[in-house]
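Since the structure comes first, as structure tokens, the remarks are kept for the end.
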Amino acid sequence: MFFACYCALRTNVKKYRYQDEDGPHDHSLPRLTHEVRGPELVHVSEKNLSQIENVHGYVLQSHISPLKASPAPIIVNTDTLDTIPYVNGTEIEYEFEEITLERGNSGLGFSIAGGTDNPHIGDDPGIFITKIIPGGAAAEDGRLRVNDCILRVNEVDVSEVSHSKAVEALKEAGSIVRLYVRRRRPILETVVEIKLFKGPKGLGFSIAGGVGNQHIPGDNSIYVTKIIDGGAAQKDGRLQVGDRLLMVNNYSLEEVTHEEAVAILKNTSDVVYLKVGKPTTIYMTDPYGPPDITHSYSPPMENHLLSGNNGTLEYKTSLPPISPGRYSPIPKHMLGEDDYTRPPEPVYSTVNKLCDKPASPRHYSPVECDKSFLLSTPYPHYHLGLLPDSDMTSHSQHSTATRQPSVTLQRAISLEGEPRKVVLHKGSTGLGFNIVGGEDGEGIFVSFILAGGPADLSGELQRGDQILSVNGIDLRGASHEQAAAALKGAGQTVTIIAQYQPEDYARFEAKIHDLREQMMNHSMSSGSGSLRTNQKRSLYVRAMFDYDKSKDSGLPSQGLSFKYGDILHVINASDDEWWQARRVTLDGDSEEMGVIPSKRRVERKERARLKTVKFNAKPGVIDSKGDIPGLGDDGYGTKTLRGQEDLILSYEPVTRQEINYTRPVIILGPMKDRINDDLISEFPDKFGSCVPHTTRPKRDYEVDGRDYHFVISREQMEKDIQEHKFIEAGQYNDNLYGTSVQSVRFVAERGKHCILDVSGNAIKRLQVAQLYPIAIFIKPKSLEPLMEMNKRLTEEQAKKTYDRAIKLEQEFGEYFTAIVQGDTLEDIYNQCKLVIEEQSGPFIWIPSKEKL
């Protein structure tokens, strides 16, 4: 058996995407002037956008309170432009803005990509915003957007500089940072119908997006991401990257999951009819410009929104609407890097909603409200109130989080005890509220409204509402479990009968508070149970499972979702059931804090589910999606190690350590050989091989120490193996081969990544040797992607490959640094590169000896 190991020159690993085509270089970037005239439309040339989706970014994060106001947007003097350029016969329009941010302890709160040495979009040397970090200065200010191009940092021109120069300018900008940015004007779409005839290559295009897998933040739509050469779409010529798929034959693709969209497209006949939304540039003149709510209080612009039968918005106007739930139909390669940690955005609920809050730069429609309609329509339980709104802002990187006064329709209940009807559309975060109650017939109450969720955006529910029924199911005497089940199984459109009962809820809340205090006091005095913050102020753990807060009906308050491998800072572990925690990012703790299930709760629920599996399923039965039959979908993606049924993976205590070597890399699972080969091929100066040992005699053309380390005797190598000097060894043709700890250390201490083609057992052996590897497990989603990525596989071979991967996860799951999944080899490859970059150090999280 041969044991290959690869090494790489240590640098700051950058993020890459394959480039399909480049556009011509843009030589007409305007220079900002200090002369500011009245607002004017500025037309600036833009090149064709390439397929580059992701290069590398520099992350700066900050938490600012309060924010300092910055000047009004700067409009470039159009006299400085001689002519109005065109792109393929189309005028491309930009707007320019000056944004002032105050740097906090952690930075500015955004990521960048691009530069003259590594263009982000085609040949454009600009520095582009690829990510707005929630809770940072940029997110709190609310004006900086993904895909903005930074032209100047304070007085430093960064319009045509290298990436490192831009990073340096941002680092040295001081505590008050003025950014001059350029962005495209808003985009609408035109709906067209396309008829395609399937050929040998099928329809010939790739898609991304869907509920729970958003391609554009806040948007559940399905987008075209690639046109395949020689396919039906390319031959037809009308479908393009960035188009939004609305319908396939008679099936709507609105609010469907990615898997549902794929299934609909696969189950089509030879002739396929597509309804497609194509982006169309529009020019917003001043009368329709978004209000500047950052600097001043704007008069209300009331929008009259009606809910059509298909759930879409209808505007009482002849102007085409802008979908409120979307930023823009720009393809993802214009929105910057993929963000695997970004939480899903909520879907807007528009039913029974008379007026919305004023438009913001993210959500704008120049439509006036028909006030006569409002006055004439009978709504017996509501009256209009123009009150300041501080809770309706969606917490996204494009939202305006500077809580300036704005006008919204506020619901007031004229008769406190009268039931009312509320209709919500489920989003990716569920319905956006929590419930309590259900004991001793006390009723089910709304205890928490998720900011930006469907309930919040509808304005129809509030804390203290009693839920009387859900889709006709009476909940007045229901238990908590019955109410949770009714809400979870209610479908996409949920009709709720609610009744505002503030006094009943206050009595219930007081009782819960007393019970919780008693439990906390008992827990603190008992000396047993989970680790407590009075015993240990700072507790860090690594999540060993996926947790989706939107699927956990038992949450006592706002939850915190996380993925396998995430580092969590547990702030309060004094409760046996729930812990308070923050997710730890590369820049420190994130601003978002929420509750997570305790170790005890996770393990108890998993054991209960394992008993159900043993009762309902045949031993060892795992379906083609990797799911164990009988498991409930409650947000806990926990795992049990094979052969160790008492060992349930929940949280692993970790400690932060600085390392002075470059971490080895072990990739396990299907396609690992192709990933290793691609890393070496694309980065030959960063990834290579280390030298294995063997007892085989040296051949004439071989050099000791270059081709192999030739061991003098078999006895000596067997002795070294017994003394744990090898991470893995085996026998081939009566000769021993192996990879020694010293060989790996030799590579690591010289600043090179060492990719090891070894089994999962080697991970633990490297950890014992104080060489903590980056262990990446490629987990197949199902048989179909395996067969798609390797056309030579038969279904039987794919099934065996899939089963081996599942067993591999069961055996070594506790040692993985990260688990990656993807539908294509390119997607998996890019995720692996991202993990390697993020986990390279010099500060890493390693297992601690602490016991939870």
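Here the Cβ of each residue, glycine as well, is placed from N, Cα and C on the backbone.
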Which of the listed residues, Tyr58, Tyr94, Tyr283, Tyr288, has Swiss-Prot annotated as phosphotyrosine?
Tyr58
Considering the residues Tyr86, Tyr547, Tyr737, which is the one that Swiss-Prot annotates as phosphotyrosine?
Tyr737
In Swiss-Prot, the phosphoserine annotation, restricted to Ser394, Ser553, falls on Ser553
Do you know which of Tyr273, Tyr732, Tyr829 is annotated phosphotyrosine by Swiss-Prot?
Tyr732
Roughly how many Å separate the Cα of Tyr505 (phosphotyrosine) from that of Ser553 (phosphoserine), to the nearest whole number?
19
Out of these modified residues, Tyr505, Tyr732, Tyr737, which one has the fewest other C-beta atoms within 10 Å of its own C-beta?
Tyr732
Grouping DSSP H, G, I as helix and E, B as strand, the residues of the domain 'PDZ 2' (193-280) number 14 helix, 39 strand, 35 coil
Counted with DSSP (H/G/I as helix, E/B as strand, rest coil), the domain 'SH3' (536-606) has 11 helix, 33 strand, 27 coil
Range from 421-502, 536-606, 662-837 with the greatest count of C-beta pairs under 8 A to the domain 'PDZ 1' (98-185):
536-606
Around the Cβ of Ser553 (phosphoserine), other Cβ atoms within 10 Å, all chains included, total 17
Averaging the per-residue pLDDT over the domain 'Guanylate kinase-like' (662-837), what integer do you get?
90
